[in-house]
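Enquirer: Okay, here's the structure, questions in a sec.
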Amino acid sequence: MTSTESSQPADRYVVVGNPVAHSRSPFIHAAFARQTGEAVEYGRLEAPLDAFADTMRAFLAEGGYGFNVTVPFKLQAYDLADRLTPRAEAAGAVNTMWIEDGLIHGDNTDGIGLVRDIQDNLDTLLEDKRVLLLGAGGAAMGAMLPLIECRPSRIVVANRTASRASDMLEEFVEAADSFGVELWGGGLDALEQLSEDDVCDVVINASSSSLHGEVPPVPAFLLGDGVLAYDMMYGAEPTVFLQHAAQCGARTADGLGMLVEQAAEAFYIWRGVRPRTAPVLADLRAALQAERKG
């Protein structure tokens, strides 16, 4: 996990998923390596759906230094780890792994990537703010502890199934109490019961709605002027949620910055060097736009 001179053979890392050909991680980590001078080789690895653990143990046994994990293997990665960080334990999933002292370590950098994008790239400090989190699946779970650690005044979780939101919040009551954060959860239909006094400063879509071209049923007054509407999904065009939020008057941002920031955290874990993310994010955004035009 120390810096490696560029004259030495490159240390090998991969992103593992199924499918994985679409992953932007090699683009990002190649840019980090050029910027920092770290001797890193980063590729893609498609593991069989029924052989994730065996595939990754073999990768490490053959000299691999570490790897990122994308769908559908984040829960299996959690089980593969010999040691878990507190944020991986809280998320119940792992996206970053490495060997240290002969043990496989697992972390989850998704949530810290989200809050760094919001606070550093979008200049929106979360302390004392009110946050509305849409969804209660794996993406939301990974975001909860890093959000709580930013000390917002309140986090509201709204999910299609109300009981799922309540169950998720129960996992974070102790952490929320220690940071002085109020938690509330319910079904998406409960948002209709909120008043304009309940408007949140930041609305984060952590649901899968954008994948299906659906807009979560969020009342328009919750997406008005002064609100940051954030979608964890990204693309060359704004998601349907962000298009809707913009029409309601909100400032909008997609999850591309989160992708870059979570990668930067993984790079730091592996190499002990923290890369600058702004130029990489700009280059990746430009590449997406070029692909759309091409």
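Cβ coordinates come from backbone N, Cα and C, glycine included.
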Enquirer: The shikimate site in Swiss-Prot lists SER23, ARG24, SER25, THR70, ASN95, TYR234. Which one of ASP50, ASP54, ASP110, ASP117 belongs there according to the record?
Expert: ASP110
Enquirer: Which of GLY106, GLY111, GLY255, GLY257 does Swiss-Prot put in the same NADP(+) site as GLY135, ALA136, GLY137, GLY138, ALA139, ASN159, ARG160, THR161, ALA162, SER163, ARG164, MET232?
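Expert: That NADP(+) site, as Swiss-Prot gives it, pairs GLY135, ALA136, GLY137, GLY138, ALA139, ASN159, ARG160, THR161, ALA162, SER163, ARG164, MET232 with GLY255.
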Enquirer: Given that the record lists GLY135, ALA136, GLY137, GLY138, ALA139, ASN159, ARG160, THR161, ALA162, SER163, ARG164, MET232, GLY255 as binding NADP(+), what is the largest C-alpha to C-alpha distance among them, in Å?
Expert: 27
Enquirer: Taking the residues SER23, ARG24, SER25, THR70, ASN95, ASP110, TYR234 listed for shikimate, what is the greatest CA to CA distance in Å, to the nearest whole number?
Expert: 18
